Amino acid sequence: MSMNNVENKEYEKEVMNFLSKYFEEKDVCHHQKSSFNYFIHHRLARIIEEEPTLEIQLPNQEIYRVVFGQVFVDKPYIVDEKRTIRYITPNEARLRDLTYSSVVSVNIQTFRVKKNPITLEEEMLEQKEFCKLPLARIPIMVLSSKCNLANKSLEERRNLGECQFDYGGYFIIKGKERVLVAQERINYNIVYVFEGKVNTKFPYVAEIRSMSEETGHSILLQMKWHNGENKLYLSLPYLTHDVPLGYIFAALDCEPDQIISLIHMNLPKEYVRNYVVEQWIRNIIKEMEWIGTKEEALEYISHFSSYSVPKDKKVAFVKQIMNNEMLPHLGISSLPSHKVFFLCHMFSKIVLVYAKVKNFDDRDHLSNKRVEVGGILVAELFRTLYKRFMRSLEPQLVKRQDVALVMSRMNVITQGLKHCFATGNWGVPKSSYMRTGVSQVLSRLTYMGTLSHMRRILIPIGKEGKNTKIRQLHPSQLGFFCPSETPEGHSAGIVKNFSLLCEVTSKFETVYLRCILDSLPGVDRTLDWKLLQSQSPQSIIKLFYNGILYGMAKNGEETYRTLIRYKRQNRIHYSTSITFDTEYQEIHLFCDEGRLLRPLFNARDIPTIEDLKEKTWDELTAIGKIVWSDAHEMENRVVSCFPHEIQSYHDTCDIHPSLMMGVCVNLIPYPDHTQSPRLCYVASMSKQALGVYASTHNMRTDTIVHTISYAEQPIIQTHFSEMVGYNDLPCGNNLIVAILCYTGFNQEDSVIFNQSSLERGVFRTFQYKTLVAEEKKKTSHCMETIALVPEDYRNRSNNYSKLNADGIVKRGVYVGPGDVIVSRMVHRPTRVRREITDTSYVVKNGEEGFIDNVFVSITPDGYKMVKIKIRQMKIPEIGDKVCSRCSQKGTIGMVMRHEDMPFTLNGIVPDLIMNPHAIPSRMTMNQLLECIGAKSAVHEGKFRWSTAFTSHSVNILEELCDELHKNGFQRHGNERMMNGITGEMLDANIFIGPTYYQRLKHLVSGKIHARNHGNVQMLFRQPCEGRSKEGGLRFGEMERDAMISHGTSRFLLERLFDMSDPFKIPVCTNCGMIPHHWKRCQNCTNHGKSHQVDQVPIPYACKLLFQEVMAMGIRISLKLDENSQTKQLVFLK
């Protein structure tokens, strides 16, 4: 497809307009909501259906049968203090600290039947039906299909207190917004061959995590090659030792001839004729011939069963393992021949790796991974909790055959879900597998931090691990994971983010897909080795779907082309992955959940400009002009970056190359003109910038948040700033920035700020802190209430003058340390009178400010709860951090008056002066381009695009310089400036222009800390730790050594003793023991002599150590310096 420059720019413009349609149809949190909706509407009912019917054996040959039927999920509601049901909104749940949850109810039928022991016929004794019986309460995702805001317009959402730029996708647990971070895991039901551990006897290991679709349980199966014995072993669950492969084949009632034929069918002749491989096959045949029959093989394997199994039941136990626990993903109805064929398939994988035909499988390849997002995580947790619920339900029904009464008293599922959402520890309590950090408090510091948090992926491994390969960017991740957005430090590569248009597949039923496979000509499902024996290995194509061996195809090319045609005709869903591995003769179809998809243009049928203007994404997908591919299909695709670069060998084309980056990186101006580490730094800094985090921040009660007073759109912006809503909720200001050395106060990373700019409101932010007070019932007779404390019981050191008659502070007043904002008291009844204790909420240091708002509500238990929002103005000062969107971070080193700042010949005074030495080392060329582009854009009165890899960014320098020169400026952005202090002209050309800067959350006012005396620990009587407790500053061993090297012994005494834990103890001058009294020693009075007892200064922690040592029976005697005026400890004995 050839295009000239004009057509290329026009097509690029329409592509950007077409991308905006995507964010109108699907927002950046679509993957979270779609997975949860699938769980609610499909998986929830299937989880309940998959569990077998509950049957309780009763006396007199009676059976009590419980059948679970249709499932219902209501919208979130609460039962208020008037005992009425009322639907709630997410905003009400936040304000009242409620859990935004709903009830899962189910129809249940119970049957009481009597079974005839001879005829086995059942006589119906009693039948009951219960409609919508509550099963559990489950948290509901905001803006999912079951949310009360689901079908409301933006205007209606605003009226209900919701931000119009809030895309949902999170949960509200006890008033806190929590998001389920996507978890990365290895793919199930696929055979992988990995290298064994170093210096091990098993150098080749083929393993598969087999997951059953019917039951949901999984097992890990490993086939190992023992290099010393030249044998293959199989590890099975619930067996104490590995079992030789030949014994497994014999236990599956397989003949040696059949095994030889199946191995030949799975491998070409040149690999079977390998001497070592021939030895493997001979050893397998010898094992089968030596073990004999199937019963003898089962008897032999039973010796490896668990010790807890009785001897008479070990054979039956092994049969159960072979039938149900070995390769359960093949299905409950799978035949032993299917398992034999699959084991031969695993054997062939090891042979191909051993023969150097195939490399070891790459654990980090994206095709070998799946991502579990919110709906998948909740589904798996609900399945496990439901199984536990059914196990605990059975013994209760044995005692009492009333399912409605028993279920009303059981909350296994509700409590399990509540625990996992509240703590982040994902899994059933007291289980062996528990993931941490899955449920996290949603970041609300800035809008972009919220979006980034919603699109985060976490690898559930220890962050201290030394495996560097798992942290590296894998080539298969291109277009799926953002290559730049990952934290620094121990989380690097462990925490990742989705690319902008990456989607996660949901699971859909495979029944329709199996019907299509059944209709394909030349596909044999029987896997009859006698029928396949007559065919050559090259003509046998193995057909898999979701890792399950479906059958054999006689003509692989024709089968593959038919499946691709069905997919283009929409007979197969567009998210289904179809690949044909011609080298290993395998066709794989994947329609499972957790696969990552990325959209591409079809290079054979590229969309025209009219298509992009008139058609939607779904329409172009339906006609095949947009192709959705996962990592499996990307291995076989040749992708062009731009439409005008398409050649005959390309089959797909990127919609736009900038889509390989994530949300945060796509907001950076000209990101393709800076070094890659800078993009990583900017992605982290953009989450720390102070801006407008929500349009309804006045109606929210977040713990600590910041909002900027005068937020501005950046002059230089990307196309995605408008698409994701960044221009509506920005977090910075356009400043006039000069790059020069001036007065020496902007050395290193310091910047000089214009005081007049700060006074005009640049970077002025407000900090909102919410304090919560609520009534509580301490005991049955003790109650803590919110009301004015009677004057006789008030704390005299507190100020109660700013309270209303109801005991709550007035709005708009200023409160400082010592002011009471909520008057509370505890009533304790005594025999004489009712005792009152003042427990009022008093403002602490650092919490002072103006009362912005007061929210009074009633908890579900009927108690009053008060939320008070305190506002503090934060004006930038020396020490605060600022940064540009190009990772030029610095602290304010000096705030200079307007008249002392340098100015241009036109009278322009910069708002900020940065050091020129920051440019060569960091090589942030995109900041220079932003400054030049913004300078000309301001004079033309327009915004300018800076999206990566567009005509606005590629080879853009000369174009920007020409525009600047056309507007009457020096083409490189330099100007002559005057010294504001001396009035002389600076002897240099100064680079100056508008640049977008952000203020970061690291504020000096939030970090400054000092103390003289204050709170001490109860045990050691040393100062507490931490700024929040008004604690001391740590003086450790290294600081002690530094002071010793300076010879400042008096200073050391002051720091480590006088200002820490000074104490005096009595010491007997005769025996050196610590007496009980200050005047006499109980150990020395038996001789009738009186000895002097002196007071000795000693650290309290040292005195405590002496007492603990004496408690162990060790005597400590203290020797005093008699020549000193003040008695001091000399040594111990």
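For all residues, glycine too, the Cβ spot is worked out from N, Cα and C.
Record features (TrEMBL):
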- 31-401: domain 'RNA polymerase beta subunit protrusion' (DOMAIN)
- 189-372: domain 'RNA polymerase Rpb2' (DOMAIN)
- 440-504: domain 'RNA polymerase Rpb2' (DOMAIN)
- 544-601: domain 'RNA polymerase Rpb2' (DOMAIN)
- 665-1029: domain 'DNA-directed RNA polymerase subunit 2 hybrid-binding' (DOMAIN)
- 1031-1119: domain 'RNA polymerase Rpb2' (DOMAIN)
- Message: With a cut-off of 8 Å between Cβ atoms, can you find at least three pairs linking the domain 'RNA polymerase Rpb2' (189-372) to the domain 'RNA polymerase Rpb2' (544-601)? Only pairs 6 or more residues apart in sequence count.
- Response: yes
- Of the listed stretches (31-401, 440-504, 665-1029, 1031-1119), which one yields the highest count of Cβ-Cβ distances below 8 Å with the domain 'RNA polymerase Rpb2' (544-601)? 31-401
- Message: Please list the DSSP helix, strand and coil residue counts for the domain 'RNA polymerase Rpb2' (1031-1119).
- Response: 35 helix, 17 strand, 37 coil
- Item | the domain 'RNA polymerase beta subunit protrusion' (31-401) [mean pLDDT, rounded to integer] | 89
- Per DSSP, what is the residue count of the domain 'RNA polymerase Rpb2' (440-504) in each of helix, strand and coil? 17 helix, 13 strand, 35 coil
- Counts by DSSP class (helix H/G/I, strand E/B, coil) across the domain 'RNA polymerase Rpb2' (544-601): 13 helix, 24 strand, 21 coil
